[in-house]
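Look at Swiss-Prot and you will find 50, 122 tagged as active site. Look at Swiss-Prot and you will find 46, 119, 122 tagged as Mg(2+) binding site. Marked as domain 'RNase III' by Swiss-Prot: 4-133. The domain 'DRBM' annotation in Swiss-Prot covers 158-225 and rests on sequence analysis.
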């Protein structure tokens, strides 16, 4: 099985026009290299992919979050299409192994550069759109972004689970909760809990440890958005 076939298997999509796939994975550094005759790279596809991703994510949110107002939908969309989220999706697709770049770019760390992974991911979305149709592209984006969209559904009523799934989706360690303060009488205590995921921290308070943990998780999720 060749490399592109492995990627296509991860995508659940086989390209009819392989040249589009190659263009989506071609780093701009190739244009300055005399060994490469084709001057195409992923920048134009990235431009289109950004627009397609925003359209599809907006449509998904509009249909699935009927009780959310425009402001809340905009916040969720900004999280779903931000550089960090796109980079996580591209990393799960192991795009760094497929990006075609010059030796100089690779030596400079280009294969692990989050910007390159993000750009190639958006270009790949555009390539799928041009090679197929909006419906196929919508289905693939829905699958690749499913865990992040699920997190948004969980945030309000089960923030601890939502935070755990965000950590797993982002390849971080699981959240750690620590009681840092207890105030007041036994029958009316206020608890303060610190939650930490990698370098992200937030505190929450409540009249029980469980409530404080939920509030800390909810606040951290909103901070991450």
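Backbone N, Cα and C define each Cβ position, glycine as well.
Because the structure is a prediction, the values reported are computed rather than measured.
Using the Cβ center of 46, 119, 122 for Mg(2+), the list of other same-chain residues with Cβ within 8 Å runs, in sequence order, 42, 43, 45, 47, 49, 50, 118, 120, 121, 123, 126. Non-local contacts of residue 46 (Mg(2+) binding site) by the CB criterion (under 8 A, 6+ apart in sequence, same chain) comprise 119, 120, 122, 123, 126.
Over the domain 'RNase III' (4-133), the average per-residue pLDDT in this prediction is 91. When the active-site residues 50, 122 are compared by the number of other CB atoms within 10 angstroms of each CB, 50 has the fewest. For residue 119 (Mg(2+) binding site), the count of additional Cβ atoms within 10 Å of its Cβ stands at 28 [all protein chains shown].
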